[in-house]
């Protein structure tokens with residue numbers, strides 16, 4: 001298993017990965033196209049307990065726990081060699097067919113779960129942050145203050161004992177405290193943390209934000225990328241690349257240029273990982289573009305959802321096809337959208353099932369927009385630091401991705417950008433909030449901003465988004481998957497609202513305000529009724545938590561609270577209902 005202490009030496013495979021990334025970034029500064037496609041590298045975790053092998057398979061298929069994540073979040077009371085030896089002894093004694101009671105007893109004797117991740121009180125937490133005074137409505141101000149108290153409830157730190165025996169744990173040891181989403185998610189997650197950090201910085205928690213960034217930067221140094229979350233079983237995949245915008249947020253609030261100077265090389269490595277591991281050549285109208293998709297090289301079910309993945313794949317007889325299926329499930333998890341009809345390719349478009357998942361064959365709008373913004377930000381960072389050669393290099397990459405976004409993803413007929421189907425060489429003309437992501441990342445010709453804003457607003461209206469009082473749904477297809485209708489997710493609300501605002505076009509800004517206020521009111525209604533904030537909501541029933549997926553709805557909730565703060569910052573005069581006068585702001 002990969003060592004997880006800060007001082008642990010990287011494996012030969014990890015060193016090779018880091019060299020590849022470094023070479024990709026420094027080998028040729030002459031052309032943005034110099035970073036080519038390579039075969040995605042395989043898992044960094046080979047643990048027989050947490051990542052792959054007969055022990056993991058037997059426990060998870062034995063249904064010792066209803067939620068498979070529960071098992072892989074346990075730590076071992078002995079070294080892995082003892083854990084595995086005891087398992088082999090059990091298998092020998094039971095003829096390779098232990099029953100559920102025997103497996104439960106084995107887990108009880110060899111694993112524990114307490115005190116691995118411990119509560120933490122952020123020293124920079126403030127009881128009455130200055131931001132609260134900006135919120136004009138007293139009801140919303142009280143709510144915002146309540147959510148500020150939640151930071152203390154969902155703050156964690158990895159226990160010191162983990163660093164003493166990292167091989168016994170699935171948790172990845174990091175030096176600084178962090179914010180967990182809440183509920184079953186008791187480790188840090190990558191893309192969640194962007195919206196969490198928005199909330200932290202608005203409530204004055206600059207040091208906590210810096211610590212979270214340092215944790216992520218240490219992941220890039222140790223593994224070459226940021227895993228999906230803070231567990232070794234997530235080392236098979238990343239998540240949407242938001243580290244560079246997180247640093248930009250931090251710099252906006254602190255002006256800490258020394259932090260940027262110290263870490264600019266690590267930010268380059270993270271972008272290099274995506275540009276070298278996630279790209280593919282896309283040909284349209286006789287021209288070839290380098291574009292990104294979510295893709296994972298990792299066989300077998302996801303450890304934390306082993307049973308669900310195994311059942312889905314059991315009727316696939318061809319081993320190569322089964323591996324592809326598992327990899328596309330993991331790639332969908334890497335996207336953050338696990339799962340959604342967005343990743344289905346079938347004769348009926350998205351109207352299939354998970355058996356039709358084809359994540360690697362879809363060029364997602366937001367991933368390419370994120371990468372364009374990342375390259376653009378790195379160019380700006382290097383300009384600020386006085387590195388003109390590097391600034392030009394990343395500006396060229398940003399220009400290359402901008403051209404691809406314009407030429408491949410833009411749909412003139414729809415007035416937005418659409419995912420591209422590699423298998424059938426065509427746009428996927430279905431509604432997803434990410435269809436306006438280039439407006440969110442400002443990955444567009446600024447001279448056309450108002451045109452794009454007007455067309456995006458018209459597109460959203462045409463697709464009936466104003467009919468959903470509980471938030472903008474992830475799609476318009478009710479599949480039962482959690483990233484489909486009727487679920488409305490906080491980050492997608494942020495993307496749509498800020499996309500419309502970025503256009504500076506009147507109809508777009510009016511719609512942005514309407515959608516943001518609806519979201520605030522729906523969230524507040526749910527909070528008033530339950531005293532909880534949820535990870536997702538029901539677009540059809542304002543304030544009701546969302547459903548579907550592989551686990552029950554989770555409370556907390558990190559990114560939900562962050563988006564509330566974002567919207568209250570954008571619209572400080574917002575009110576809980578229409579009976580209270582609200583000025584434009």
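From the backbone N, Cα and C atoms, a Cβ is placed for every residue, glycine too.
Listed in Swiss-Prot for this protein:
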- 1-32: signal peptide (SIGNAL)
- 184, 191, 192, 228, 237, 238, 239, 302, 303, 304, 336, 550: substrate binding site (BINDING)
- 207: N-linked glycosylation site (CARBOHYD)
- 338: active site, proton donor/acceptor (ACT_SITE)
- 348: N-linked glycosylation site (CARBOHYD)
- 535: active site, proton donor/acceptor (ACT_SITE)
Assigned element (helix, strand, coil) containing residue 348 (N-linked glycosylation site), judged by DSSP: coil
Which of 192, 338, 535, all recorded positions, has a Cβ with the fewest other Cβ atoms inside 10 Å: 338
Chain-internal residues, separated by at least six, CB under 8 A from residue 336 (substrate binding site): 191, 239, 240, 491
By Cα-Cα distance, the member of recorded positions 207, 237, 303, 338, 348 nearest residue 535 (active site, proton donor/acceptor): 338
In three-state DSSP terms, the structure that residue 207 (N-linked glycosylation site) belongs to: helix
Largest tally of Cβ atoms lying within 10 Å of a Cβ, found at which of the recorded positions 239, 348: 239
Whole-number Å value for how far residue 338 (active site, proton donor/acceptor) lies from residue 237 (substrate binding site) (Cα to Cα): 13
Cα-nearest neighbour of residue 207 (N-linked glycosylation site) within the listed recorded positions, 184, 192, 303, 338, 348: 192
Integer Å distance between the CA atoms belonging to residue 338 (active site, proton donor/acceptor) and residue 192 (substrate binding site): 14
Per-residue Cβ crowding (10 Å cut-off), top of binding-site residues 184, 237: 237
DSSP three-state assignment (helix, strand or coil) for residue 239 (substrate binding site): coil
Residue 338 (active site, proton donor/acceptor) and residue 303 (substrate binding site), Cα-Cα, nearest whole angstrom: 15
Cβ packing number for residue 303 (substrate binding site), 10 Å threshold: 26
